[in-house]
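Colleague: Heads up, here are the entries from Swiss-Prot:
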BINDING   TYR61, ASP105, TYR209, GLN213, ASP216, GLN235  L-tyrosine binding site
BINDING   ASP65, LYS273  ATP binding site
MOTIF     66-75  motif ''HIGH' region'
MOTIF     270-274  motif ''KMSKS' region'
Amino acid sequence: MLPLRRSLLKPLQDVLRHSHRQMSQKNLLELTDRGFFHGIFPDTAAPRMKQLFTRGQQSIYAGFDPTADSLHVGNLLVIMGLIHCQRAGHRPIALVGGATGLIGDPSGRKTERNQLGETVIETNLKAIEQQLRRVFENHENCLWDSKKQKLPLAPLIIVNNADWYADLQLIDFVANMGRHFRMGSMLSRSSVQSRLESEDGMSFTEFTYQIFQAYDWLHLLRRHNCCFQMGGSDQTGNLMTGHELISRVERKREVFGLTLPLVTTEEGDKFGKSAGNAVWLDGNKTSPFALYQFFLRMPDSEVEKLLKLFTFIPLPQVEQLMREHTKEPEKRKAQTLLAEDVTLLVHGESGLKQAERVTNALYKGNVEGLAELNLSEIQQTFQGATMVNLLTEPGMSILELAMKAKCFPTETDAVRIINAGGFYVNQKRVQNIAEVLTTGVHILRNGISLLRVGKRNFYIVRWQ
């Protein structure tokens, strides 16, 4: 598929889009230049890793526990890592933790996770698998040109660790595998130490998590010849435990860990659902418009780093884009391309078009653009807005509309706030309480009116 054409960034964008299609080198460690890797394990293994990456196809896996029914932006960086592996000619494996999700990873957490039931886990698993497949498909369809590449993309492999734990017997597992783990090493992990020093301590359930993640790697090594594991920097301890297990059980095999930086806000807060500020990859939880706006609003101090992490634009073109951006920062060229590429990857061409359509309607005073949105798009955009069904009545005034939609507790409040300029219909301020509603201005041709009181209180009126 040819890339979408967007006039805002022409002619620079033509160069950038064409550059997206160039095949990466097979040595994944070159991504270090993008700030993509936080570290490698063992830390002296770079020469050997380079040799393996350039010698032939390798298998690299990353894990995703089904602790929610959607992945979030923090997970997206790990997905980007797997796609980079795919682009470099290697084989990506996504492990979904149908078993480990029941235990809960203590890494990076101050308290124990709430236990999830098997039914919830199963529902979350299906949703996450669909998201992973959709993101990989969007990349192949929208950001990759197979005709210009020497090698085809290796298909994504998704495995569920519940499949190999289902038939394991507890006593056999402890007897055969438990002897290869050393308590001193396990207790020394930072994720364990921080919890042991806390008031609530750490449960045995959470303590065993690193054992199961280590065994996952051993299983994938044996089944898929998977010598590489990738994860956030908070996974370093778990990667080390897996490396130690394999070095004892499969002494002739070499395995390596790749850790990625944790994505944080400008204030240093983690982008994760536990932090309460999650940006989800599910369009029903975070709409394509909201995802687009999230990246569009990134400060200048962050945008270059995020372009390197969340897009496939080669570094010379990132530098060129930043030079253009520095000359005219008010045009937000860098943020716009970042928002476009991430939205395209997560939601595909239709999601990006929707995000751009809503952006034009809301922020460029385009009433016609607002009229092109359907009810679902408006509801996704204004999540939490009050929904009201009203009958059209000839001669209805602005004041009557506001009261029927229950925008104000009293008519006195309505008159005061409307006269003061605090009431909007379809993103246009209205101050005449006697103004009569007209089709095309107040009532859009899609049969909807968007009301707003102040900056954030939205009401969606669906006319009958």
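Every residue, even glycine, has its Cβ placed from backbone N, Cα and C.
These numbers come from a predicted model, not from an experiment.
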Colleague: Between any two of TYR61, ASP105, TYR209, GLN213, ASP216, GLN235, the residues recorded as binding L-tyrosine, what is the biggest Cα to Cα distance in Å?
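Modeller: Across TYR61, ASP105, TYR209, GLN213, ASP216, GLN235, the two farthest Cα atoms sit 17 Å apart.
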Colleague: As a test of reading the model: what is the averaged pLDDT for the motif ''HIGH' region' (66-75)?
Modeller: 93
Colleague: What's the CA to CA span in angstrom from GLN213 (L-tyrosine binding site) over to ASP65 (ATP binding site)?
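Modeller: Each residue's Cα considered, GLN213 (L-tyrosine binding site) and ASP65 (ATP binding site) end up 11 Å apart.
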Colleague: Between GLN235 (L-tyrosine binding site) and ASP65 (ATP binding site), what is the CA-CA distance rounded to a whole number of Å?
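Modeller: Between the Cα atoms of GLN235 (L-tyrosine binding site) and ASP65 (ATP binding site), the distance comes to 13 Å.
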Colleague: From the Cα of ASP65 (ATP binding site) across to the Cα of ASP216 (L-tyrosine binding site), what is the distance in angstrom?
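Modeller: ASP216 (L-tyrosine binding site) to ASP65 (ATP binding site), Cα-Cα distance: 13 Å.
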Colleague: Of TYR61, TYR209, the binding-site residues given in the record, which has the fewest other CB atoms within 10 A of its CB?
Modeller: TYR209
Colleague: So what sits near ASP105 (L-tyrosine binding site) in its own chain, CB-to-CB under 8 Å and at least six residues off in sequence?
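Modeller: Looking at Cβ-Cβ distances below 8 Å from ASP105 (L-tyrosine binding site), excluding near sequence neighbours, one finds ASP65, ARG113, GLU206, TYR209, GLN213, ASN238.
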